[in-house]
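One structure is given here, and the rest of the page talks about it.
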Amino acid sequence: MGVREGSSLIVSAEGADADKALSVMHTLMQSLSAQEKADAELALKRQKSSPSWQAREDLAAIIGASAAPGMVVGQVYRKITHTLDVPDETGSLSDNASRLHKALRETKAQLQALSQETEQQLGKQEAKIFLAHIELLNDTDLITLVCQIMADGHGVAWAWNTGIERMANRLSALGNPVLAARATDLRDVGNRVLFHIAPELSNTTETACPDHPYILISDDLTPSDTAALDTTKVIGLATSEGGPTSHTAILARTLGLPALVGGGQGLLDIANGSQLILDGTAGRIYIDPNEDDISSAQEWITKLQAQQAKEAESRQLPAKTTDGTQILIGANINLPDQVAEAISEGAEGVGLMRTEFLYLERNDEPSEDEQYETYLAMSKNLEGRDLIVRTLDIGGDKQAPQLALPEEENPFLGVRGSRLLLRRADLLQPQLRALYRALKDGAKLSIMFPMVTSVGEFLKLRAICEDVRESMAAPSCPIGVMIEVPAAALEAKVLAKHADFFSIGTNDLTQYCLAMDRQNPTLAAEADSLHPAVLKLIKLTVDGAKDHNCWVGACGGIAGDPHGAAILSGLGVTELSMSPLDIPAVKARLRQNSMDELKALAQKALEAETSEAVRQLKEAE
Ligand code: PEP
Ligand code: MG
């Protein structure tokens, strides 16, 4: 349809259940991109904080987008996709129709099997790509179009190929990267069906791959291409098209292959067999490196691998400074089935469970029972480790259309987080009941409120918790405040009198302190949580909590950046919670210094004039 993010659409429906259908459709349209946005934000943060190889200044480079981290040196193999020459062999309409029907059935069965195989090898999320392909085959517009072409007297293979090409061209011509990626998916699944209709065409699509390790370059890779890659040979991927949220990028990350996407036309001019350096972390390809470049890159890779192996080896050990101060390390995860991976990465508990994810990407609200089961399962899987459950934080970037909240001009400054909970007992009450039921049934958890701005708000929330707890005769639990608004940091001393703990949400604290939208890509480099002004708010928070037996943690993105983690610990934060993959490097970093050294580092950071100067303290170490 050519719809871009932010476009307005008018959707109409007819029939008895039109209202219901419209509401389901509306919800679906609004919630589709919630997880994608969260992933993209995380990837951007990681790219910003990851160290990358410093190339010689005059070394020619192609700059694309980082799709999967890591660096490799190797020879290029340029995959040429031949345009298929599909003969137009006419046949009777009924024969053609039954051949098409059979091919569609066989392809769906093949995709179902491929999805199961992919789930076992790579995971559920990756397997869904092929289930989505099955849906593409159920598109009645496509089938109608192909039938029309056949009815005009064309053969089934030709009609199918033409139908797919017409639909895919329409999508790619719209200039929208998301729809262009869907065109790749459509051609991919289209070829599968075509090869069932005419198996002889399947051997004419590819040139033979080299039998030595190579960096694969292509205009775009279909999910089928990527899932079928010979990972004993392919050491990296680069495509001229596609974006970091494309399926190729998702699969490359899962396969652990460094990858760049959106490298542009120049990428396809690189001669087959030439030597390249591919830096997936920075999203760059270096062309014609000399021997010195190659050995410097290889040294970097060896150093990086040794460092990662060392970090991985010690990830189960505590993050203790050289003088024995332990910083607790938690994971930011949202579902019970993510616990095992978090623990295997070295998590000692869950420092942030974002419960709004129970509300996103669905049409209805999770019931009290469903919430209770999720919290209990989460705690059970943690086997006695700590769990901090953050109550619903809807609003701002996280919209849940099923709640039909009024539209706001400035949602980040509107009724979000605790402000919403205090206005909507129908959301707060079932969530608290579910939490206290889980506590009653043996869960070990703490409750944390997001976006608290004043002590009055927190006192009301605490009182409501107590009412619910008492009415259920449930055990009590620690109740904490997220420090994400400058006002809360400035009032930390008062809040600490009433809270059992603080967790600093540095993502929002940075956004509100610097007045920079956390989602605006143009401001991404400046919206730095290591800005000295943000660090001063963190210091105020820690100082405010000191006299009140209120410990301070941090769960925003900077807690998962090794340098950021070192500064936060030096400022007096005693618990850090992050995405599981960040844990090994953070633990390793914290073990490098004594607490006094970390305090000195934090002091220098507070005195620095700019965020760049704070980041440079890393190089000076
Ligand atoms: C934060 O703001 O730092 C935080 C952890 O909460 P969220 O990213 O979910 O807003
Ligand atoms: Mg937040």
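Glycine residues also receive a Cβ, built from the backbone N, Cα and C atoms like all the rest.
Nobody curates TrEMBL annotations by hand; they come from automatic prediction.
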Hey, TrEMBL has phosphoenolpyruvate bound by Arg390, Asn507, Asp508, Arg518. Any idea which of Arg354, Arg424, Arg433, Arg469 it lists too?
Arg354
Feature coiled coil in TrEMBL, mapped to one of the ranges 97-128, 289-320
97-128
Just how spread out is the phosphoenolpyruvate site if you go by the largest Cα to Cα distance in Å among Arg354, Arg390, Asn507, Asp508, Arg518?
20
If you count CB neighbours within 10 Å, which one among the binding-site residues Arg354, Arg390, Arg518 has the smallest count?
Arg354
Entry from the binding-site residues list Glu484, Asp508 having the most other CB atoms no farther than 10 A:
Glu484
Here the 10 Å Cβ neighbour count for Asn507 (phosphoenolpyruvate binding site) comes out at 20
Run through Arg354, Arg390, Asn507, Arg518 for me and report the binding-site residues whose CA is within 10 Å of the CA of Cys555 (active site, proton donor), in sequence order.
Asn507
Within the coiled coil (97-128) only, compute the mean pLDDT.
87
Quick test of the contact rule: Cβ under 8 Å, at least six residues beyond the ends. What residues does that give for the coiled coil (97-128)?
91, 134, 137, 146-147, 150, 156, 160, 189, 192-194, 196-197, 224, 227, 250-251, 254-255
